[in-house]
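Undergrad: What follows is a structure written as structure tokens; I'll ask about it next.
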Amino acid sequence: MLSAIWTGFVTLFLCSFVQGAPADNVLPSAASFYVPSIPGIIPNPDYRLQIYAGHLPAESNKTLLASNDVTAHLYFVMVKNRRVADKERVVFWFNGGPGCSSFDGLMMEVGPWRWDGQPEGKESFIVKEGGWEEYTTMVFVDQPPGTGFSFTSTDQYAKTMKDAQWHILEFLRNFYQVFPEVLTMDTYLAGESFAGQWIPYFADAILESSLQIPLRGIAIGNGWMDARRQYLSYLDYSLKMGLIKDNSEDWKEVKAAHDRCEAHLEKLEGDPIHIRECGSIIMKVINQKRPDNEKGEKMCLNMYDVRFTDTSPACGLNWPPEMHAITHFLGRKDVVRALHAERHPGSWVECRRPVHRAFKDGEEESSITVLPRVLSKIPVLIFAGDQDLICNYVGLENMIKSLTWNGETGLGTVETQSWSVNSTATGTWVESRNLTYVKIFNASHMAPFDLPHVTHDMMLRFMGVNFSSIVGGSAMIPSSLGDAAKPVFVGGHLPQPSTPALPAGKTPEQDKAMWEAYYNAGSAALVLVLIMLVIGLFIWYRRRKSRLQLPSNQSGELAEESIPLRSEMEDRGGNGVSNGGAWKGKARASEPVFEVGDSDEDEPSPYRKPDGGGDRNV
């Protein structure tokens, strides 16, 4: 009796002080996601960053899961805008795959910092101009579950676009509960490569949902969207770019693969995302015979930037060179802790192959079938770096020519305009019936990596930013579209901005987040002390009671709590390159099968079932 009373007292005492694990429908506060600093990111006093990061559930609390399944969580990093133009805007950024982390976009393309060039182990990153966060809040999302720092059970990886749509809607539902102010911002989705599939499907789901998100447009860079046209573009692109010579032996091999693909497409129904029978075309292009390098290694064409070569069979998978430093950086425990990513066991990898393989099982219709429906509701930007082979501009232009939307096929008779940034010819620009197509000169598969200021200007124009309302930073870079030049104020004639640039130091919002975080940390420490005190008293009481009682002949053995998940993960270097070959890039160059999106090695999963069952389809 006394034991029961004591147990009840302890329970009530603990409940009065301890905030336990939140229920499925209880989310952490915004302050708990606040990132005051990141080790290895060299701050710039002129560019004050507000960063929030962490995991949010990507499943409804009504979802029926097995007892040993993990609730899917997506990981995000939000960088709030440093300056405000005419209105608040937010861009959700997605990289490709399937299974590739949006840290590619954050660390190398549209984020606020760049690698300093130091070797792996000594790397740091410098905050500098060119990031899209200057005038726009950026949210980088690792999806589907299992990608980057996101996690789920291995048998719960997304298998279809519907799975991925559902996860992103649940994530957004929770995201807006934590950050309700973002729901009032003009919203855009952007990304590249296989995000050409994700983004139209996500936009369609958002527009049909009850979330009431003010989605104003989507932007896709060098996207994989229309397999029928894009596979058949490799021959034409290679000839235009001088990668092969007409009627040469190389041309004959590429042409034979092209003809086999074309014959297969004539019999094929529907618009699938991948067509295995067509994958050999690009392999014929990149694997033309070339002289060995000085180390005697075989060389091939970089499929993401045809200005470069790479060792075989990587053929671009070793590019960009920043990836090794980024992978090492994101493997540091202090960085993982600062980014609130500890819940993800094991090392970060750029692209996770089991996620990639699980998704490919579905018989999926390409996003080209969804795009006309999206175009009937919101503007769409398709941009293409002209040095990319794998998702080249020729294929995208052929796609647009054959696409029917808003009552017509193709762009029609609209005029293509010249576009320049900083007095340099940058590309061409054309708009028709909600579709904007931009070809960017001297840019690769990752156009923002090559030309950050150029792609930033492009995005500001697409979002309709009033250039007269912004000053400082990129506002000082001249640009023009056709005959219309962006207003640039110089000398002593700068007007007062509609909303001034954010000053150095912390804003009231940051101070609030910081003090709330301190308060939570102090409260947690106090609670921990009280818990230890109560537990100590309880143990003392139990030991004293056991000395006064007769020994029990009942077995005191307790079944160990069933732990449904195993958290081991082999560390194979974390660089996305397996012992058996190169897997870093957006395709598997060792196989004659075209796949947009990186794939890492077959690593043991952190969420493997306790019966020893392996990853699905691995």
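Numbering starts at 1 and runs along the chain as displayed.
Cβ atoms here come from the backbone N, Cα and C positions, even for glycine.
According to Swiss-Prot:
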- 1-23: signal peptide (SIGNAL)
- 24-520: topological domain 'Lumenal' (TOPO_DOM)
- Asn61: N-linked glycosylation site (CARBOHYD)
- Asn422: N-linked glycosylation site (CARBOHYD)
- Asn434: N-linked glycosylation site (CARBOHYD)
- Asn442: N-linked glycosylation site (CARBOHYD)
- Asn466: N-linked glycosylation site (CARBOHYD)
- 542-618: topological domain 'Cytoplasmic' (TOPO_DOM)
- 605-618: compositional bias 'Basic and acidic residues' (COMPBIAS)
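Distances, neighbours, how buried they are, the whole picture for these features please.
TA: Residue density at Asn422 (N-linked glycosylation site): 12 other Cβ atoms are found within 10 A of its Cβ, drawing on all protein chains shown.
DSSP gives Asn434 (N-linked glycosylation site) a coil state; it is part of no helix or strand.
A sphere of 10 angstroms centred on the C-beta of Asn442 (N-linked glycosylation site) encloses 17 other C-beta atoms.
Within 10 Å of the C-beta of Asn466 (N-linked glycosylation site) there are 12 other C-beta atoms, taking all protein chains into account.
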Undergrad: May I ask which of the glycosylation sites Asn422, Asn434, Asn466 is closest to Asn442 (N-linked glycosylation site) if we compare their C-alpha atoms?
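TA: Nearest listed residue in space: Asn422.
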Undergrad: For Asn434 (N-linked glycosylation site), write down the residues of its own chain that are at least 6 apart in sequence and whose Cβ falls under 8 Å from its Cβ; none is a fine answer.
TA: Leu375, Ser376, Ile378, Pro379, Val380, Trp405, Asn406
Undergrad: For the topological domain 'Cytoplasmic' (542-618), provide the mean pLDDT of the predicted model.
TA: 33
Undergrad: Looking only at DSSP and grouping its letters into three states, which state does Asn422 (N-linked glycosylation site) belong to?
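TA: In three-state terms, Asn422 (N-linked glycosylation site) counts as coil.
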